[in-house]
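Each remark here refers to the structure printed beneath this line.
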Amino acid sequence: MPLLTILNRQISWTPLLVLGYLFYLLLGAMVFQLLEKQAETHFRDQFQLQKLKFLQNYTCLDRQALEQFVQVLMEAWEKGVNPEGNSTNPSNWDFSNSFFFAGTVVTTIGYGNLSPSTVAGQIFCVFYALFGVPLNLAFLNQLGKGLNAHLITLERWVQKPGRAQVVQTLAVAIFLTTGTLLFLVFPPLVFSYVEGWSYGEGFYFTFITLSTIGFGDYVVGTNPNKHYIPVYRSLTAIWIVFGLAWLALVFNVGANLMEKFLQLKWHKPDLSLAEGDTTKLEDEPEQPRIHIPS
């Protein structure tokens, strides 16, 4: 077990890691509360104000009827039906959208904006995920091994004798930069163009998706006012799979580097004390032996 040496006492760093993890969660909670709570209050007040104005403009409606209509809208949204537009909106369950949904199930992204509404669909989804999630993990594992093999090959190439340190650093940087461009930089440009989002919103969707967080606040192909090509969401699902493998490799490398850094820092013996003891022994004069005749 990795140990931390403090004042010549060895302490397990696992409790420190647990405390650091909890501290990180508490820090996130405080920052999110500080940033979002006031905005939520503002939006809630604006919504209540809009309802009051609606009742004032349409005096034939009472508050109860309006609340019932809002409930209908909420139920429609929970069932994956966008309240905007009309009945001519494209189906959420055509083949392309169903393919995209299947990808979100096996990758455990789960945006939450669409889910099966029938009992048969819900039961099938359970068993589909039961076998699909392990299959997805096995596939991503093999894909990650392939990417890792290329990374190892690159590492061996740059570590050959005679390679300049600049060349080694440049080769690794090219490998990481290529993946970053393919999966984190260029896709937001496409999503911004197709969906009408800002680049920041596109990048937010990209990272939240590939990290399998999947809040569902931004989902591609759901705007009823836009006309998408039939394979748009299917291509997005394929991009998600390969992006998951690449980002998982990056996270794995980062976790390994962090663990090695902690072990190197906390496992490092106190060389100064060891050297001091050695010097003391070497400098100590040899005690004369007293021979006692028998």
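Quick reminder: no glycine exception, Cβ is built from N, Cα and C everywhere.
As given in TrEMBL:
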{"type": "TRANSMEM", "residues": "12-35", "note": "transmembrane segment"}
{"type": "CARBOHYD", "residues": "Asn86", "note": "N-linked glycosylation site"}
{"type": "DOMAIN", "residues": "88-145", "note": "domain 'Potassium channel'"}
{"type": "TRANSMEM", "residues": "120-140", "note": "transmembrane segment"}
{"type": "TRANSMEM", "residues": "166-190", "note": "transmembrane segment"}
{"type": "DOMAIN", "residues": "181-259", "note": "domain 'Potassium channel'"}
{"type": "TRANSMEM", "residues": "202-220", "note": "transmembrane segment"}
{"type": "TRANSMEM", "residues": "232-255", "note": "transmembrane segment"}
Tertiary contacts of the transmembrane segment (120-140), as residues 6+ beyond its ends and Cβ separation under 8 Å: 102, 105-108, 241, 244-245, 248
For the domain 'Potassium channel' (181-259), residues assigned helix / strand / coil by DSSP: 55 helix, 0 strand, 24 coil
For the domain 'Potassium channel' (88-145), mean pLDDT (0 to 100): 88
DSSP-assigned states of the domain 'Potassium channel' (88-145) in counts, ordered helix, strand, coil: 39 helix, 0 strand, 19 coil
